[in-house]
Amino acid sequence: MSDGPVTKPQRNVAYFFDEELCNYNYGGGNPMRPHRHRLTTNLVKGYQLDEKMRLIRPRARSREEIMYFHADDYVDFLTSVTPENQEEFMMQMRRFNLGPVGEADCPVFDGMMEYFQIYTAGSVGGASLINEGEADVVMNWSGGMHHAKKGEASGFCYINDIVLAILELLKVHQRVLYVDIDIHHGDGVEEAFYTTNRVMTVSFHKYGDFFPGTGALGDTGHAEGKLYSVNVPLQEGMDDESYKYVYEPVMQKVMELYQPGAIVMCCGADSLSGDKLGCFNLSIQGHSACIEFMARFNVPLLVLGGGGYTMRNVSRCWCYETGRLLGLDLPDEIPEAGYRDYDYFMDTHRLRIAVSNMKNANTRESLDRIRTSVLENLSTMPPAPSAQMAPVPPKVEQVRGVLAAEERAGLGPG
């Protein structure tokens, strides 16, 4: 059964994954499980999607590269503290919002700095591929740590790979659009770019008595960034139809007015129905429709993960979305042959999930108020800003030089 028109296949699709990442563990029953990325990639391989795109192992980012955004003393602390010596760092742990395993959302665990460097590498590496013109769509499902601040861990997030990837994109692109469909507000990314018009942030999230408690409708940016932060606060029970009713007109208007050179998406799967920490009621198809809608604009797209705590459904969702970004409509029956995690999906052995009958607290009237307010704010936004471009990285110039030489030699397109 078809789920509707598939996204037009892009010229080049890349997928970042490092098996080593999945060996790290937050410990103590923490709901953030890096193992979900192995499940996702094994499912991707089960559907043989790895044969239809570039599968890339990222190069771990250095401490110095992470300091492009994060405070030096914070990175020094993350590099130095371990479960064995953490008692020597209790004051700094409180300052930077970390704690012991089993007692904190952001625990000190073995090898954590290496873990941060790996997931950040996929996001920054993906941004570099886009800058170099080597990919149109890049996926790094291990990225999307949108709560991390310049000098503070928050909500299972320590290093904000999204901010670092956007900073990389800004080396080449005048304007970068950030879209967040995780159920939690993308506070760390919004905060980083709250006073600039070079980056527009748009977050659709549960608002109210819910972590992190930010992202009000009236939070729209400051100084040069005024109107370039967009928040769409929602309530529990959000279903596919209601989400589409708000999402598509808002994002259509954003694209018309802002005209970004690149798009970054945080696609946390905790907005799916049945998530352990979520309270929305989206199907996998409804979640994916948000990504597909942005892909149809044919602007370079960096797709990242984020939250998601019911691991079976997280891996289903991100595999399904990988297929859609490749222009494929995947069979609902999970392939058994050669797929080593087949028994993990014994609940249904199906790719798509059933939604619940939970009440949708988002009435049409409340959604109309939100949609109207956001669209009115957008209508007062000035034309797409023209910013002084940062110097083009030498590697990009090298790629352009090779392409020009090929064209002169008659090896180029046409």
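Here the Cβ of each residue, glycine as well, is placed from N, Cα and C on the backbone.
Curation does not apply to TrEMBL; its annotations are automatic.
Over in TrEMBL, the protein carries these features:
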type: DOMAIN; residues: 31-322; note: domain 'Histone deacetylase'
type: BINDING; residues: ASP105, GLY155, TYR309; note: substrate binding site
type: ACT_SITE; residues: HIS147; note: active site, proton acceptor
type: BINDING; residues: ASP182, HIS184, ASP270; note: divalent metal cation binding site
Whole-number Å value for how far ASP270 (divalent metal cation binding site) lies from TYR309 (substrate binding site) (Cα to Cα): 6
Substrate site residues ASP105, GLY155, TYR309: biggest Cα-Cα distance, Å? 13
Around the substrate site formed by ASP105, GLY155, TYR309, list the extra residues of the same chain whose Cβ is within 8 Å of the site's Cβ centroid. ASN30, PRO31, MET32, PHE156, PHE211, LEU277, GLY307
Mean pLDDT across the domain 'Histone deacetylase' (31-322), rounded to an integer, is what? 97
Cβ atoms near TYR309 (substrate binding site) (within 10 Å, other residues, all chains): 20
Filtered by Cβ under 8 Å and at least 6 apart in sequence, the residues in the chain of GLY155 (substrate binding site) near it are ASP105, CYS106, HIS147, HIS184, PHE211, PRO212
Within 10 Å of each Cβ, count the other Cβ atoms, then let me know which of the binding-site residues ASP105, ASP182, ASP270 comes out lowest. ASP105
Over all shown protein chains, what is the count of other CB atoms within 10 A of the CB belonging to HIS147 (active site, proton acceptor)? 29
